[in-house]
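A.B. asks: Below is a structure I'd like to ask you about.
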Amino acid sequence: MAAAVAAAAAMRSRILQVSSKVNATWYPASSFSSSSVPTVKLFIDGKFVESKSDKWIDIHNPATNEVVGRVPQSTKAEMDAAVESCKRAFPAWADTSILSRQQVLLRYQQLIKENLKEIARLITLEQGKTLADAEGDVFRGLQVVEHACSVTSLMLGETMPSITKDMDLYSYRLPLGVCAGIAPFNFPAMIPLWMFPMAMVCGNTFLMKPSERVPGATMLLAKLLQDSGAPDGTLNIIHGQHDAVNFICDHPDIKAISFVGSNQAGEYIFERGSRNGKRVQANMGAKNHGVVMPDANKENTLNQLVGAAFGAAGQRCMALSTAILVGEAKKWLPELVDRAKNLRVNAGDQPGADLGPLITPQAKERVCNLIDSGTKEGASILLDGRRIKVKGYENGNFVGPTIISNVKPSMTCYKEEIFGPVLVVLETETLDEAIKIVNDNPYGNGTAIFTTNGATARKYAHMVDVGQVGVNVPIPVPLPMFSFTGSRSSFRGDTNFYGKQGIQFYTQLKTITSQWKEEDATLSSPAVVMPTMGR
């Protein structure tokens, strides 16, 4: 009993140390008692408000499975109020000068930098990833905010003077209206920051639904945006699960939806949202291959494979979850296993941790079942992380690094996205065989080749049907001056996230044909024939 009380006290102390801003908006100190946990607020019309819902979801620390908060399933009235707030704020925000919107984002990126470690600690508490990885989560989102500050160049229109005598043609980009975002659990800061800053700097207002498992980072980001001078109503936040998703897909005032998450959810949101006339972009699942050529730099390649496969406990849509060893590279497999063995599994806030827990007990069970399927279907488990025990965190959702060899493309552990710290290894004799395996897989998020031969790298990059290719880069996530260009079954929509594509997604073109006669503007007689423009 005493140990349980001490553990609870330690957890509360850790929460209260996260951030003074969080205490005011998400983890109020006064909410702690022996019988209560803090509740996540809604953010509507510039205010953090308590939900009136009678349906709540527990938020767990994945390292302990202790409840650290409760998030509401927003009521219909609350969700309607959030959209109405966005709708009211839109005309004035869209009419705000682009330089003023840019200034809000410039202040915002500075506040994110100043509070980066606080956001990261909150991510580690709710999501489980290591503090260093959580800081990277925030930083990659911050890069998109910094890129959004270039809006004055990104939103330039086009013009063509004198298409015929005294007639000019020009176009410019305008915001859509109310846009919405549905974010996953694995990047609590980065993915929301892919969405609302890009949309808002273009003049849209935004409705955000963070993952119900990790809402805290988004709430703190909302507070920082408010402190940056964003007007009330330009960003609203609701919480929930299926009802909230359906609400976003169906509401007539929402013009566009950004989604990142699983294929099942992404396909559903794309179909339902598109059916209701909305613009939808959906980043979904992946099976990312790393092709290792025998001429690759062995030390660098092995280290990069281990980091990309097991970092964030494999809970990345760009995790390198499949290695294809070509020719003599298969001899490197024992050394790959040795490096993976040396990774330290622990709670994310513990010094020296390389990877933390999975998000839920259900996620752990699913990953272990997929590992089991490998043995049942004839694969070999070279490194087994299913029975790992982490001292002091025995109730956590931990799976250690796992390597499965002798894998065939027909096996379940290859066909399904595992989303855990599991690397499946295939072997081929030639590069062409490896390319065929990659192209036969339905996903198209990312891939990498490891080689010291430029011709080999060029052939691979040009022949694989994958949206993002790394050459000696295991996780080729583009910086935000480019766009995130996953393809095939990893993406639905026709316009990708951030970069030029992101601006295009959140804007619409207006084209104006203008004629100002050199002579008197008054026509001497009406023109009744079909205008031919160029004659």
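Backbone N, Cα and C define each Cβ position, glycine as well.
The feature transit peptide is assigned by Swiss-Prot to 1-32, with similarity to another entry given as support. The annotation N6-succinyllysine is assigned in Swiss-Prot to Lys52, Lys55, Lys364, Lys376, Lys391 (among others). Residues annotated as N6-acetyllysine in Swiss-Prot: Lys52, Lys76, Lys117, Lys298, Lys330, Lys500 (among others). Positions annotated as NAD(+) binding site by Swiss-Prot: Ala183, Phe185, Lys209, Glu212, Arg213, Ser262, Glu417. Residues or ranges marked as active site, nucleophile in Swiss-Prot (evidence: sequence analysis): Cys317. The annotation phosphoserine is assigned in Swiss-Prot to Ser380 (among others) on the grounds of similarity to another entry.
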A.B. asks: Taking DSSP as the reference, which of helix, strand or coil describes Glu417 (NAD(+) binding site)?
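C.D. replies: Its secondary structure by DSSP: coil.
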A.B. asks: Please report the distance from the Cα of Ser262 (NAD(+) binding site) to the Cα of Lys117 (N6-acetyllysine), rounded to the nearest angstrom.
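C.D. replies: For Ser262 (NAD(+) binding site) versus Lys117 (N6-acetyllysine), the Cα atoms are 28 Å apart.
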A.B. asks: If one measures from the C-alpha of Lys364 (N6-succinyllysine) to the C-alpha of Arg213 (NAD(+) binding site), what distance in angstrom results, rounded to a whole number?
C.D. replies: 15
A.B. asks: Going by DSSP, is Ala183 (NAD(+) binding site) sitting in a helix, a strand, or coil?
C.D. replies: coil
A.B. asks: If one measures from the C-alpha of the residue listed as 'active site, nucleophile' to the C-alpha of Phe185 (NAD(+) binding site), what distance in angstrom results, rounded to a whole number?
C.D. replies: 11
A.B. asks: In sequence order, which residues at least six apart in the same chain have a CB under 8 Å from the CB of Lys298 (N6-acetyllysine)?
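C.D. replies: The answer is Trp332, Glu335.
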A.B. asks: What's the CA-CA gap between Ala183 (NAD(+) binding site) and Lys76 (N6-acetyllysine) in angstrom, rounded?
C.D. replies: 20
A.B. asks: Which chain-mates of Lys52 (N6-succinyllysine) that are at least 6 residues away have a CB under 8 A from its CB, listed by sequence?
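C.D. replies: Long-range Cβ contacts: Thr75, Ala77, Glu78.
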A.B. asks: How many Å separate the Cα atoms of Lys391 (N6-succinyllysine) and Arg213 (NAD(+) binding site)?
C.D. replies: 24
A.B. asks: Among Ala183, Phe185, Lys209, Glu212, Arg213, Ser262, Glu417, which the record lists as binding NAD(+), how far apart in Å are the two most distant Cα atoms?
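C.D. replies: Maximum Cα-Cα distance: 24 Å.
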